[in-house]
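Colleague: Checked Swiss-Prot, it gives:
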MOD_RES   SER2  N-acetylserine
MOD_RES   SER9  phosphoserine
MOD_RES   SER16  phosphoserine
MOD_RES   THR31  phosphothreonine
BINDING   ARG49, LYS240, GLY265, ASP266, THR298  substrate binding site
BINDING   ASN51, SER53, ASP84, THR85  K(+) binding site
BINDING   ASN51, PHE52, SER53, HIS54, ARG91, LYS177  ATP binding site
MOD_RES   SER70  phosphoserine
MOD_RES   THR184  phosphothreonine
CROSSLNK  LYS204  ubiquitin cross-link
MOD_RES   SER213  phosphoserine
SITE      LYS240  site 'Transition state stabilizer'
BINDING   GLU242, ASP266  Mn(2+) binding site
CROSSLNK  LYS255  ubiquitin cross-link
MOD_RES   SER316  phosphoserine
BINDING   SER402, THR403, SER404, GLY405, THR406, THR407, TRP452, ARG459, GLY484  beta-D-fructose 1,6-bisphosphate binding site
MOD_RES   CYS418  cysteine persulfide
CROSSLNK  LYS446  ubiquitin cross-link
MOD_RES   SER450  phosphoserine
MOD_RES   THR478  phosphothreonine
Amino acid sequence: MSRLERLTSLNVVAGSDLRRTSIIGTIGPKTNNPETLVALRKAGLNIVRMNFSHGSYEYHKSVIDNARKSEELYPGRPLAIALDTKGPEIRTGTTTNDVDYPIPPNHEMIFTTDDKYAKACDDKIMYVDYKNITKVISAGRIIYVDDGVLSFQVLEVVDDKTLKVKALNAGKICSHKGVNLPGTDVDLPALSEKDKEDLRFGVKNGVHMVFASFIRTANDVLTIREVLGEQGKDVKIIVKIENQQGVNNFDEILKVTDGVMVARGDLGIEIPAPEVLAVQKKLIAKSNLAGKPVICATQMLESMTYNPRPTRAEVSDVGNAILDGADCVMLSGETAKGNYPINAVTTMAETAVIAEQAIAYLPNYDDMRNCTPKPTSTTETVAASAVAAVFEQKAKAIIVLSTSGTTPRLVSKYRPNCPIILVTRCPRAARFSHLYRGVFPFVFEKEPVSDWTDDVEARINFGIEKAKEFGILKKGDTYVSIQGFKAGAGHSNTLQVSTV
């Protein structure tokens with residue numbers, strides 16, 4: 001079916017299909033309890049996000065504990081936990097007595113890196129915590145403060161600690177606000193000492209993935225992997241692309257990362273807002289082609305922080321991110337501090353179902369096969385062939401037996417028009433597979449039996465039963481299965497078409 005035929009035959013009834021796009025929700029004070037987490041999971045939450053820009057270790061440990069408690073209360077599908085790093089941000093200092101100072105247009109003042117002003121800022125002089133700012137910026141350049149609420153033009157680089165600037169609009173100078181230098185290559189380290197401690201905390205407490213903020217180069221990813229160490233070798237690194245450097249170096253970053261987040265908030269400040277649309281589509285397409293999961297984030301249902309219903313533009317934004325190819329969509333303040341967190345997750349889930357119905361799966365599959373460099377690995381060849389078999393046989397599901405989670409990721413790359421049932425003995429693989437579009441993970445807890453054929457049959461039957469529970473398969477339905485010829489990772493080479 002062509003894309004046009006697909007669109008003209010859309011079934012626009014919400015809830016008429018099973019959602020395949022995963023939902024990430026940031027947990028804050030209003031949602032950090034087991035009962036609310038259960039409600040969020042029932043509404044569609046798959047991955048819990050902890051924002052390490054805020055909160056103590058005690059607080060974040062409570063989020064982890066409550067997430068795990070919610071699984072005891074409501075087993076369902078496994079829940080994944082993500083740690084979002086603060087990252088190498090640039091921020092203003094503290095104003096005197098923590099007062100907000102009004103700034104009129106054309107107001108001239110000083111930006112300084114002199115530490116004596118770090119806690120003594122006012123409307124005449126503002127401390128900035130990036131020591132090299134005078135080396136990387138020049139007269140005429142623009143500096144944004146507080147997510148672009150205030151704009152300043154650099155009038156003069158006075159000395160190695162001082163900039164003279166002019167306000168381009170009215171606003172307020174406040175404490176600890178973010179500073180952006182659009183179009184400027186900054187040389188901040190990939191990780192602050194706080195970030196390193198946060199990563200070690202995450203490894204110790206069993207997080208499944210890291211959302212790495214402000215990634216600029218491939219070396220940044222390698223630095224994070226080094227800090228995670230041997231104990232954290234299975235933690236997935238998802239890079240957040242939120243500046244021009246990250247966009248420019250994306251191809252090299254993509255080679256070494258486990259996944260990508262298009263973080264449109266800071267990205268929309270660093271580059272012209274209209275360009276974010278094209279960058280989003282480009283980064284998602286490149287991630288899809290590489291078989292790496294991609295998340296679309298920031299302000300997706302922002303109005304639902306305070307309103308029970310979204311704007312129509314927000315619904316379209318969520319839907320179009322899914323049509324672009326996003327594996328996951330993310331909520332931030334909507335679930336962290338919003339008045340309607342469960343409504344927000346429900347709205348996102350319902351929107352995802354409708355958007356997925358608008359996808360022309362077969363043309364997408366053909367595009368992916370044609371654009372993927374050859375030869376592919378044995379595992380990817382089997383994965384692509386399984387998806388082809390789904391289209392040929394009109395199969396209702398793909399059952400994947402996997403140890404490492406690689407095979408379901410590659411099946412997801414080719415976007416079958418049916419769910420992917422992952423059966424694994426590895427709880428971690430089950431949890432991080434929520435990153436992959438269409439994967440429904442289940443942990444098979446029985447010990448392996450000595451006869452390999454019997455063990456494979458037991459796991460496939462388990463997958464069939466789980467698919468029946470979710471209404472994916474029924475008696476007489478065709479399904480495709482993928483398994484290996486022996487135990488362990490890297491041996492998926494067998495494809496089978498069967499009937500329930």
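Note that Cβ sites are derived from N, Cα and C of the backbone, with glycine treated the same way.
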Colleague: Starting from the Cα of THR85 (K(+) binding site), work out which of the recorded positions (SER213, GLY265, ASP266) are within 10 Å.
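Modeller: Near THR85 (K(+) binding site), where near means Cα within 10 Å, the recorded positions are SER213.
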Colleague: Going by DSSP, give the three-state secondary structure for HIS54 (ATP binding site).
Modeller: coil
Colleague: Run through SER53, SER402, SER404, SER450 for me and report the recorded positions whose CA is within 10 Å of the CA of GLY265 (substrate binding site), in sequence order.
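Modeller: The recorded positions close to GLY265 (substrate binding site) (Cα within 10 Å) - there are none.
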Colleague: For THR478 (phosphothreonine), name the DSSP secondary structure in the helix/strand/coil scheme.
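Modeller: The residue in question, THR478 (phosphothreonine), is strand (DSSP, three-state).
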Colleague: Using Cα coordinates, what distance in whole Å links LYS177 (ATP binding site) and the residue listed as 'N-acetylserine'?
Modeller: 49
Colleague: In Å, rounded, how far does the Cα of the residue listed as 'N-acetylserine' sit from the Cα of GLU242 (Mn(2+) binding site)?
Modeller: 35
Colleague: In this structure, which of the recorded positions SER9, SER53, THR85 has the fewest other Cβ atoms within 10 Å of its Cβ?
Modeller: SER9
Colleague: Quick check: with ASN51, SER53, ASP84, THR85 left out, which same-chain residues have Cβ atoms within 8 Å of the centroid of the K(+) site Cβ atoms?
Modeller: MET50, PHE52, HIS54, LEU83, LYS86, GLY87, PHE211, SER213
Colleague: Got a sec? Which of these binding-site residues, GLY265, GLY484, has the most Cβ atoms within 10 Å?
Modeller: GLY484
Colleague: May I ask which residues of the same chain, at least 6 positions away in sequence, place their Cβ under 8 angstroms from the Cβ of GLU242 (Mn(2+) binding site)?
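Modeller: Those within reach of GLU242 (Mn(2+) binding site), by Cβ under 8 Å and sequence separation of 6 or more, are SER213, PHE214, ALA263, ARG264, GLY265, ASP266, LEU267, GLU270.
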Colleague: Return the residues near THR298 (substrate binding site) by Cβ distance under 8 Å, restricted to its own chain and a separation of at least 6 in sequence.
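Modeller: In sequence order, the residues whose Cβ lies under 8 Å from that of THR298 (substrate binding site) (at least 6 apart) are ALA263, ARG264, GLY265, GLY268, MET330, SER332.
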Colleague: When the number of other CB atoms within 10 A of each residue's CB is tallied over all shown chains, which of the binding-site residues PHE52, TRP452 has the maximum?
Modeller: PHE52
Colleague: Within 10 angstroms of the C-beta of THR31 (phosphothreonine), what count of other C-beta atoms is obtained when all protein chains are considered?
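Modeller: For THR31 (phosphothreonine), the count of other Cβ atoms within 10 Å is 25.
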Colleague: ASP266 (substrate binding site) has how many other Cβ neighbours within 10 Å of its own Cβ?
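Modeller: A 10 Å sphere around the Cβ of ASP266 (substrate binding site) contains 23 other Cβ atoms.
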Colleague: Hey, does DSSP put ASP84 (K(+) binding site) in a helix, a strand, or just coil?
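Modeller: DSSP assigns ASP84 (K(+) binding site) to strand.
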